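Note sheet for the following structure.
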Amino acid sequence: MQTFIITSPVFNPYFNAALEEWLLTEFRKNELVKVIYFWQNANTIVVGRNQNTYAEVNLKELESDKVNLFRRFSGGGAVFHDLGNICFSIILPRTGKVMENAYEQTTRNVVKFLNSLNVPAVFHGRNDLEINNKKFSGLAEYIAKDRLLVHGTLLFDTDFSKLAKYLNVDKTKIASKGVDSVAKRVVNVKEYLPNWTTAKFLEEMINFFTVTEKAETIVLTKDALAKVEKRAKEHFQSWEWNFGKTYEYNFKNKRYFNNAGLFECNVQVEKGTVVDIKFYGDFLSVVDITPVTKKLIGQKYDYKTFEKLFNELDHFSDYFGSLKPEQLLGVIFDNK
């Protein structure tokens, strides 16, 4: 079986996801080939296919720091990618032998490469790679017709502080039907290779796979590149894919403001759209707030969308007293 290897030329998560999908479904279609794909995403939160984006991510922090967000097409939990993290994908023909212990089988050479550098990496549990009982790689898989994809992250020099910052959502306030991410002890490979850079590590890993797998390098044609870019923009970068797939959930929040009193909101969301919203509290409105709630129902549950509506609302103070639009948004989206 012929093996091919490719490294993404960009750090754009939407392009990288689209390229991965193209390699899985279109490259050498109907041929028995193995593909090894390396890629990196700059400053990106990735949620699993079946996760609730709103439940997993602090969207205000992401927006403030200009962090990318996208939903991958495989399952698993939410993760943070930066350029200290390396992603790898291994695509194989779907056979009975491959499907047995797929995670361990497909990542053996990743472990061998690290072991060759005297890094004591091992496969552990169901889908993790560990060093001395600390996780440095989490794996997920996806099946497309006659092919199997196993992909994973490899933490080389990732900034772990970003995990808490962007994924630190108060789960007690969200009754979610999605799958919550589980925090695990993690480690950067760089702790065992302190003099190496991420770029050097990636280069050496590519060389290792090229030699051990006798792999041929893939060069994208202009036609393939155009298809990947189109798919990235129209699908993986779309609101419908990243938010619209979100499970139905109810959000409740309450806050007291010295200038405006107690304020509480209940929001019901289905497929990323507000289907019901109610406001309660002792804020000093002078008119019925029902027209505001009616205006919000049917809108995307999105900070910028709500901000625009509130800024365009005539006589905001008549509805919400001394409460400021940014304070109201903070309650609705759980931002301080």
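Cβ coordinates come from backbone N, Cα and C, glycine included.
Some features that Swiss-Prot has for this protein:
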DOMAIN    30-217  domain 'BPL/LPL catalytic'
BINDING   R72, G77, A78, V79, F80, K135  ATP binding site
BINDING   K135  (R)-lipoate binding site
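Here the features listed in Swiss-Prot are placed on the structure.
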residue: R72; record: ATP binding site; CB count, 10 Å: 22
residue: G77; record: ATP binding site; CB count, 10 Å: 19
residue: A78; record: ATP binding site; CB count, 10 Å: 23
residue: V79; record: ATP binding site; CB count, 10 Å: 23
residue: F80; record: ATP binding site; CB count, 10 Å: 23
residue: K135; record: ATP binding site; CB count, 10 Å: 17
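The domain 'BPL/LPL catalytic' (30-217) scores a mean pLDDT of 86 in the predicted structure. DSSP classifies G77 (ATP binding site) as coil under the three-state reduction.
In this record, ATP is bound by R72, G77, A78, V79, F80, K135; the longest C-alpha to C-alpha distance in that set is 21 Å.
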